[in-house]
Amino acid sequence: MTNHTCPPATVLFIFGGSGDLNQRKLSPALYNLFIDGWMPEKFSIVGIGRTAYTDEKFRKHLYDGIQQFSRRKDDKNGKWETFSKYITYLQMDAGNDADYQKIAEIVKQKEQEFGEHPNVIFYMSVAPHLVPQIASKLGPLNICHDTKCTRIVVEKPFGHDLKSAHELNELLRSMFDETQIYRIDHYLGKETVQNILALRFANALFEPIWNRNYIDHIQITAAETVGLENRGDYYERSGALRDMVQNHILQLLCMVAMEAPVSFDANEIRNKKVDVLNALRKYNKEEVHKYAVRGQYSDGWLQGKKVPGYRNEDKINPTSPTDTFAAVKFYIDNWRWQDVPFYVRTGKRLHEKSTIITIQFKQAPHFAFPPEAALTWRPNRLTISIQPQMDIRLRFQAKRPGQTVSLNPVDMTFNYKDAYGDNDPEAYETLLLDVMEGNATLFMRSDQVEAAWKVVMPIQEAWETRPPVDFPNYAPDSWGPEDAEALIARDGRNWITLPQSHQGVQTGS
Ligand SMILES: NC(=O)C1=CN([C@@H]2O[C@H](COP(=O)(O)OP(=O)(O)OC[C@H]3O[C@@H](n4cnc5c(N)ncnc54)[C@H](OP(=O)(O)O)[C@@H]3O)[C@@H](O)[C@H]2O)C=CC1
Ligand SMILES: O=C1O[C@H](COP(=O)(O)O)[C@@H](O)[C@H](O)[C@H]1O
């Protein structure tokens with residue numbers, strides 16, 4: 001959320017350089033930054049892994065990723081050839097102490113080549129259990145004491161629970177200063193997510209009604225059609241609550257619920273978000289069944305293809321209790337939000353890929369129109385579509401043309417594609433540029449991560465102590481288990497979905 005400048009000279013080490021995330025997301029993001037002229041004038045990218053790649057083979061591996069996953073492919077204009085010369089590969093085992101000296105040597109060599117001391121960034125694109133090991137071997141290197149230039153980026157999941165997240169924070173902080181630690185939540189890099197702050201705090205229109213006096217309830221849906229995508233090992237130990245709610249969904253909730261920041265200083269924004277997390281009501285184990293619902297998908301059909309149930313996926317225990325769907329009704333106990341429910345849900349193998357936030361306003365206090373005009377009368381609603389649709393729509397009532405008074409809901413829509421075209425930077429582009437510039441606003445501070453774990457732990461623990469009896473309990477191509485419908489229907493409300501096409505009518509009253 002700040003103006004970017006071209007970052008200073010940088011050496012970026014990617015632990016897990018040979019892995020999936022680097023091929024699918026990180027390298028394409030760096031390539032796009034390069035095309036757009038945002039990479040530093042002097043930089044070097046060093047991929048790290050045990051696989052025996054030569055530099056050339058490693059570049060080819062990344063090239064395949066660019067051709068498959070990047071928003072811009074190689075269009076043979078020489079950009080890829082130039083960019084790829086900045087990439088090298090270091091074969092090393094994270095457990096081997098001696099190999100870390102090679103890193104220090106590369107930095108020294110780059111310092112001479114660049115004629116200045118570069119930023120040194122260590123990106124942890126590896127399984128979580130390797131992070132403490134790598135961090136504690138990097139920590140003693142002299143370069144890591146440079147709090148201005150050296151940074152460590154840690155991928156999600158940040159810990160497996162509150163205790164392990166706390167321990168990881170302690171360990172990282174024993175090696176690095178907090179200002180050097182960048183905990184990624186890639187949702188925060190999405191354009192539509194950053195725009196929530198612009199919508200709320202750059203307009204005078206919304207903020208006066210953004211509270212319990214005018215808002216009936218808020219919904220956040222992050223629905224996915226994909227299943228495990230070869231990440232069965234990780235997912236089996238995670239589940240939907242840990243994988244999506246603890247991080248992405250709670251961050252979206254914070255953006256919607258936070259107080260107005262005084263400035264866009266990283267700590268100011270993060271303070272305001274942590275206030276929300278601290279105010280989120282923590283349920284005790286007995287309350288969990290009332291406020292939270294879990295689900296797991298069965299065998300079925302999705303988008304014309306037969307898909308296996310979760311328990312029949314590769315590397316998954318055939319009696320697995322892991323949740324692939326989670327819905328929770330949250331409350332924020334503060335002056336702005338007292339008694340306003342925040343319904344959130346997320347799941348895999350659902351009907352469509354769609355992340356939306358809906359702010360449903362209260363009914364107008366008095367209805368002066370003839371009763372027959374009220375047949376299709378609906379409350380105002382602001383819908384923020386994060387992805388794949390990217391728009392913001394405000395629903396209000398209009399008089400249908402004709403000689404009778406008939407009101408019906410219509411949408412006023414701001415569509416990103418129409419307004420700005422459709423070549424938005426990917427989340428990882430924004431986040432990597434922020435790291436190179438040393439701007440931590442869109443990254444999680446240690447207290448934020450732990451505060452988010454404190455919110456989900458009681459739910460997670462209650463679920464773990466009471467294994468599910470009804471799994472699998474939803475079919476692919478559905479919107480999740482029936483209990484999730486009941487969770488919101490009990491309050492006289494329903495889940496809101498948006499049509500895939502821009503023309504359609506929203507569901508839900
Ligand atoms: N993939 C994704 O879409 C997402 C991933 N993440 C997170 O990013 C991280 C990486 O995920 P992903 O890329 O999918 O994982 P992969 O399993 O694809 O890659 C793991 C990487 O770690 C390297 N590695 C493993 N053991 C060692 C070791 N002892 N020494 C050196 N390198 C080692 C592997 O290299 P080699 O085999 O060559 O040794 C490989 O490059 C995880 O924390 C994941 O949760 C987060 C969001 C999305
Ligand atoms: O972090 C994760 O996010 C993805 C969803 O990300 P999106 O940008 O495609 O919405 C999810 O599939 C994955 O399980 C999770 O680890």
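For all residues, glycine too, the Cβ spot is worked out from N, Cα and C.
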Identity of the substrate-site residue among Glu167, Glu207, Glu224, Glu372 (reference: His186, Lys190, Asp243, Lys348, Lys353, source: TrEMBL): Glu224
Listed binding-site residues among Arg50, His186, Lys190, Lys353 whose Cα sits within 10 Å of His248 (active site, proton acceptor): His186
Separation of alpha carbons, Lys156 (NADP(+) binding site) and Lys353 (substrate binding site) (Å): 21
Candidates near ligand 2 among the binding-site residues Arg50, Lys190, Asp243, Lys348, Lys353, judged by a Cβ under 6 angstroms: Asp243
Local confidence of the domain 'Glucose-6-phosphate dehydrogenase NAD-binding' (14-195) - pLDDT mean: 95
Binding-site residues (Lys156, Lys348, Lys353), the one with most neighbouring Cβ atoms at 10 Å: Lys348
Contacting recorded positions, sequence order - Arg50, Lys156, Lys190, His248, Lys348, Lys353 vs ligand 1, Cβ under 6 Å: Arg50, Lys156
The one of Arg50, His186, Lys190, His248 whose CB sees the fewest other CB atoms within 10 Å, among these recorded positions: Arg50
Per-residue Cβ crowding (10 Å cut-off), top of binding-site residues Glu224, Asp243: Asp243
